[in-house]
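Visitor: Let me give you the structure first, and then I'll get to my questions.
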Amino acid sequence: MWKALDIEEWQERRRSDLAGVGAAVAAIVEGVRKDGDEALYRFTKEFDRIVLEDLAVTPEEFEGAYEEVEDSLIESLAEAEAHIRRFHELQRNRSLWLEEVEPGVIVGVKTTPLDRIGAYVPGGRAAYPSTALMTTVPAQVAGVPEICVCTPPPVHPLTLVALDIAGVDECYRVGGAQAIAAMALGTESIDPVQKIVGPGNVYVTAAKMMLREHAEIDFPAGPSEIGILADSTADPAFVAADVLAQAEHDPHAGCVLITTDAALPAKVGAEIKRQMKNAPRRSIIEAALGNSGYVVAADLDEAIAAMDYVAPEHLSIQVADPLSTLNAVHNAGSIFVGPYTAVAFGDYASGTNHVLPTAGFARVFSGLDVHHFCKTSSVQMIDREGLEWLGGVVETLATAEGLHAHAESVRIRRRKKD
Ligand code: HSO
Ligand code: ZN
């Protein structure tokens, strides 16, 4: 189970899982396009084995959810929400900045939130109130006025409490590829959104990628992964605990340990065995360990290069000098520095976002943040002085491109007497 890995093969496999569900997802998308709400009821019956009475969660259900959740849990959710809000507020751009870069030439950027976004909150195997917070709080901090949430039935009261704490009241009980299709294309009950964010299984991720011409997406965020960089100073019990915490998410989760210590993998393997004995989610863990293993590198540079190739969703650094390793790595969705920084802190409560690119996509995408919910417009403002300062350059370049009217649009202004 816990074995030496060929990381190229490993990565190849994570990508091909997505391609394998393309035809099934296309049929679901077509169903929603054709039949709207009726298709959502039909697919929910077929896939979730639930006969729905209606799609939208009512205000009474939001209110009633509090009665089913313990007070201490509500407090923990509220505290996590506050930390997530604080971290994301730190990312917010000024809504407008302008700077005079030459006399009479002012440039700047105006940031505007999107009008309506969709957040996918997984359900099924477990309730994910933490993901409800991670997807909606940054959108709120960005100033998005309409936030639409889809989550598979039965909707857990904890998810509703989390949404309520975040200040979101539009939620539909629909999951899977059909939820993504509904948010991208719109149905009788669900208005279409401009962008869809949030993690999901391979069906959800494939649907997001397929519907990009209708709604922009954050990035592929599929089954969870961890990469651990460790040397001989790492505690095998901590490493094993992080592996198991990732493995319990999903049978498709994947864990890679890359180490400079040839003796470490066996110690971690023994710890995994010991710690998983009484794990409640043992069968999921066992399946995920089938997609997991280790690589022994000659030195730390080689280990870092291999981890950059993996570009893991979560990177845990458990080496003697973790800050210099942090400096040296390039590709990871979220980075956990030092032996005490369990990935679970970022999953729930440090305030960083846990919606992150998987399957090597951290090479090109960043994790979810406030910027995903905004767009920017560049701004320029030229006065008479700037017209003289820069007008000649524009005229010369426009003439060189043979674009007479461009040059003239500047010349006509320069000729004008005040
Ligand atoms: N590790 C998951 C997030 C999560 N963990 C939710 C616990 N709950 C993907 O980053
Ligand atoms: Zn997790």
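Glycine too: its Cβ is placed from the backbone N, Cα and C atoms.
All annotation found in TrEMBL is predicted automatically rather than curated by experts.
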Visitor: Do you know which of Ser224, Ser232, Ser292, Ser366 TrEMBL groups with Gln246, His249, His314, Asp347, Glu401, His406 in the substrate site?
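Guide: Record source TrEMBL; matching candidate: Ser224.
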Visitor: Let's check the environment of His249 (substrate binding site): how many other CB atoms sit within 10 Å of its CB?
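Guide: Other Cβ atoms found within 10 Å: 22.
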Visitor: If we check Cα distances from Glu313 (active site, proton acceptor), which of the binding-site residues Ser224, His249, His406 wins as closest?
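Guide: That would be Ser224, the closest of Ser224, His249, His406 to Glu313 (active site, proton acceptor).
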Visitor: Sorry to bug you, but what's the C-alpha spacing from Gln178 (NAD(+) binding site) to Glu401 (substrate binding site), rounded to the closest Å?
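Guide: For Glu401 (substrate binding site) versus Gln178 (NAD(+) binding site), the Cα atoms are 50 Å apart.
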Visitor: Tell me the Cβ contacts of His406 (substrate binding site) under 8 Å, same chain only and six or more apart in sequence, or just say none.
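Guide: Expected: Val394, Ala398.
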